[in-house]
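Feature annotations, courtesy of Swiss-Prot:
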TOPO_DOM  1-38  topological domain 'Extracellular'
CARBOHYD  ASN7  N-linked glycosylation site
TRANSMEM  39-64  transmembrane segment
TOPO_DOM  65-75  topological domain 'Cytoplasmic'
TRANSMEM  76-102  transmembrane segment
TOPO_DOM  103-111  topological domain 'Extracellular'
DISULFID  CYS111-CYS211  disulfide bond
TRANSMEM  112-134  transmembrane segment
TOPO_DOM  135-153  topological domain 'Cytoplasmic'
TRANSMEM  154-179  transmembrane segment
TOPO_DOM  180-215  topological domain 'Extracellular'
TRANSMEM  216-240  transmembrane segment
TOPO_DOM  241-289  topological domain 'Cytoplasmic'
TRANSMEM  290-317  transmembrane segment
TOPO_DOM  318-335  topological domain 'Extracellular'
TRANSMEM  336-357  transmembrane segment
TOPO_DOM  358-478  topological domain 'Cytoplasmic'
LIPID     CYS370  S-palmitoyl cysteine
REGION    416-446  region 'Disordered'
COMPBIAS  420-430  compositional bias 'Acidic residues'
Amino acid sequence: MLPPGRNGTAHRARLGLQRQLAQVDAPGGSAAPLGPAQVVTAGLLTLLIVWTLLGNVLVCAAIVRSRHLRAKMTNIFIVSLAVSDLFVALLVMPWKAVAEVAGYWPFGAFCDIWVAFDIMCSTASILNLCIISVDRYWAISRPFRYERKMTQRVALVMVALAWTLSILISFIPVQLNWHRDKAGSQGREGLLSNETPWEEGWELDGRTENCDSSLNRTYAISSSLISFYIPVAIMIVTYTRIYRIAQVQIRRISSLERAAEHAQSCRSRGACEPDPSLRASIKKETKVFKTLSVIMGVFVCCWLPFFILNCMVPFCSSGDAQGPRTGFPCVSETTFDIFVWFGWANSSLNPIIYAFNADFRKVFAQLLGCSHLCFRTPVQTVNISNELISYNQDTVFHREIAAAYVHMIPNAVSSGDREVGEEEEAEEEGPFDHMSQISPTTPDGDLAAESVWELDCEEEVSLGKISPLTPNCFHKTA
């Protein structure tokens, strides 16, 4: 986002002046040739920008092309996220990359507009990530209410609010100059000479030395709260609760699998052997935890260092000879710029994290012309997707389990019949516990089998599609 405000120093001003004089005095009046470090920097930043563009364009194209993807309300938020990341790659990254390689800001008065774009696009990207986490939590914790309430209109209103807030904290303060530290900009300590103030030495031949801006403390803290700290707190809460819900559902459904496998083993072999379902359940829980850790870990690692520095810089003191050092120590411009690019790099990772579930991958394969190469063998994976967690497994073994359920679980009976034959049923149930009882209201008596098919036998099933279970381990009906 916004580069750091600096209490300018004479040393930095002299370096900028010397660099620009060297460029002006180059043979033929042209800029000096790029050094090895500049070439490497240009190559890396170009790759980052191109990857960000291609990844987010591919996400948008996949949703536009696929009717199935367009039908999901969640993908409205994915599109909004991809658009905000596209804007980062188009309106923010290229200009800063040129300035990094050139060593100065060559675009003059465009600086203020670029700063506004920077704040707007970065804030919109983060707010969209927050909305996705809230959307997934609602879908998983209250699925039936979510299906009724989460309409296209509601989704568009949520997206509009995110973009409106991003514009309000960017263009209005920047264009009205509310974001600058006026005292700092008027009273720079650094002088090019004993009489030349920093601002007058900031430009040479119409070329601005830098596009940095001194943020006032109020704007730095308030914008950081809105753009990062409040959204990240919401994301931590929602993903923690999602993990707990997923853990409960995985364990309940796994108990049905263990009961079926145990009974099948006892009847076929005449002896009961331990089954691997418990280990599989633990593996699934571990994968869910890893998935959520990746989502939060990537986001926090990319943005947290920048926003810590963004709040520290307005309070830092350069410790010049004119006064004692107070507040936080200032950070170097290079350090700050590195963390700025770390934050922007999050826009290149979002397409991988949020749009790489099986549904998206199929459309990606069609768009790229590699459908046969990408989907030859089913591999058990946990995908980070727009619906958060997806299991994609080979279903042969689970079809056998479902068939065992169909043959082994007794048909549903009325409450009167259950009281009469309670003792006989208890003997026939064998290893089945109370968690595997069939509810009297079950229409088919095969609800347990359906739950297994729902979890393991669909091509792509996510926690967003798993309905909450009743205390008897059956899905609620609307």
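In case you wondered, yes, glycine gets a Cβ from its N, Cα and C as well.
Fewer than three CB pairs closer than 8 A are found between the transmembrane segment (39-64) and the transmembrane segment (216-240), and contact between the two stretches is not assigned (pairs 6 or more residues apart).
Secondary structure at CYS111 (disulfide bond), taken from DSSP and collapsed to helix, strand or coil, is helix. Beyond its flanks by at least six residues, the transmembrane segment (216-240) meets 1-2, 5, 119, 122-123, 126-127, 129-130, 133-134, 136-137, 165, 169, 173, 178-182, 292, 295-296, 299-300, 303-304, 307, 310-311, 313-315 of its own chain at Cβ-Cβ distances under 8 Å.
Within 10 Å of the C-beta of CYS111 (disulfide bond) there are 19 other C-beta atoms, taking all protein chains into account. Each residue in the topological domain 'Extracellular' (103-111) has a pLDDT score, and their mean in this model is 89. Just so you know, the Cβ of the residue listed as 'S-palmitoyl cysteine' picks up 11 other Cβ atoms within 10 Å once every protein chain is counted. Across the topological domain 'Cytoplasmic' (135-153), the DSSP tally of helix, strand and coil residues reads 16 helix, 0 strand, 3 coil. Recorded residues CYS211 (disulfide bond) and CYS370 (S-palmitoyl cysteine) have their alpha carbons 44 Å apart, per Cα-Cα distance.
Taken through DSSP, the topological domain 'Cytoplasmic' (65-75) splits into 7 helix, 0 strand, 4 coil.
If you look at the topological domain 'Cytoplasmic' (65-75), the same-chain residues 6 or more away from its ends with a CB under 8 A from one of its CBs are 132, 135-136, 139, 150-152, 155, 359-360, 363, 366-367, 386-387, 464. The DSSP secondary structure for the residue listed as 'S-palmitoyl cysteine' is coil. There are 21 other Cβ atoms within 10 Å of the Cβ belonging to CYS211 (disulfide bond). The residue listed as 'S-palmitoyl cysteine' sits 43 Å from CYS111 (disulfide bond), taking the C-alpha atoms as the reference points.
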